[in-house]
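As recorded in Swiss-Prot:
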ACT_SITE  Lys11  active site
ACT_SITE  Asp135  active site
BINDING   Pro93, Phe94, Gly95, Ala96, Gly97, Leu98, Gly99, Gly100, Gly101, Ser102, Ser103  ATP binding site
Amino acid sequence: MDHLSVKSFAKINLGLLITGKRKDGYHTLETIFAPINWYDTIGFSDSDVISMSCSNIDLPVDDNNLCIRAARALQQSASCSKGAAMNLQKVVPFGAGLGGGSSDAATVLRVLNELWKINVSSAELHELAVKLGADVPYFLEMKGLAFARGIGDELEDLGLTLPFHVVTVFPEEHISTVWAYKNFYQKFDRPVPDLRLLLQRLCLDGDRSVLGAFENDFEPAVFDHYPKVRVVKESLLDAGSFYASLSGSGSAVFGLFDTLENAAGAVCAMQQKGYRVTLTPPGFSMEAQAGSRL
């Protein structure tokens, strides 16, 4: 291997229902993960040691970085002494609820397992992924829409893609997931709809009456504390989105659009306001790892 570059895609959450809190302090949830066409790029080069550089000087490149932690965890799991020099071209905003760091960690696990030829099993990789972060298993194991429960690590591939244009906006606010879980407005006693069945009705039957059930439980508190995020959602709806929502714990907001014309108009409007924006086409799924290499 001289040099290899791999795309690392982000996600949005279509609905995020917080269902309880475990004895260990972690919250349980149910959500739909959907991939979007917003990605970081990770370059891998031969090295005797594990090292990292990053295009964003605000991100650590030591053991506090998930990519480094993922590489070391894999190395220790396989009792492997091989190394790699990684370069992260950071494009996906952090503190946005898009899972960029988790996706990067999953890419490192998957790619180094192959490059080092250590044959760590899928089950072992899953365990490593869960320890790195609740969203990491999704990026490691799924390509399209997936239902998640538990802390987000219990996954079911739904075999579907969104048949809509998706506009995702970063309002230039960084929101801590820890803050979001401390401040969301708890409502554990409400009935929880089956998001899987509702998603099938939406994607296969075009039944938009189900969209009201796809709530994000972080949204009310985030909107109260970060009013700019609420304005972005309202702007997407004004631009023709038939559904808009916070992604994860925010601050990114996405909107679903029927037509490319309306979606492109929303992208232009958001960019003119100085926001970072991406447009994801209908039917998008994360490419197989070979197809994601540059």
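Including glycine, each Cβ sits where the backbone N, Cα and C put it.
Ranking the binding-site residues Pro93, Gly95, Gly99 by other CB atoms within 10 A of the CB puts Gly95 at the bottom. Here the Cα atom of Ser103 (ATP binding site) is found 8 Å from that of Asp135 (active site). Counting only residues at least six positions away in the same chain, the Cβ atoms of Ile12, Asn13, Ile175, Thr177, Phe218, Leu246, Ser247, Gly248, Ser249, Gly250, Ser251, Ala252 sit under 8 Å from the Cβ of Gly97 (ATP binding site). Take the mean position of the Cβ atoms of Pro93, Phe94, Gly95, Ala96, Gly97, Leu98, Gly99, Gly100, Gly101, Ser102, Ser103, the recorded ATP site; other residues of that chain with a Cβ within 8 Å of it are Ala10, Val92, Gly248, Ala252. The shortest Cα-Cα distance between Asp135 (active site) and any of the recorded positions Lys11, Pro93, Gly95, Gly99, Gly101 is the one to Gly99.
Lys11 (active site) is 11 Å away from Gly101 (ATP binding site) when you measure Cα to Cα.
Cβ neighbour count for Gly101 (ATP binding site) (all protein chains, 10 Å cutoff from its Cβ): 25.
DSSP gives Lys11 (active site) a strand state. Cβ neighbour count for Lys11 (active site) (all protein chains, 10 Å cutoff from its Cβ): 29.
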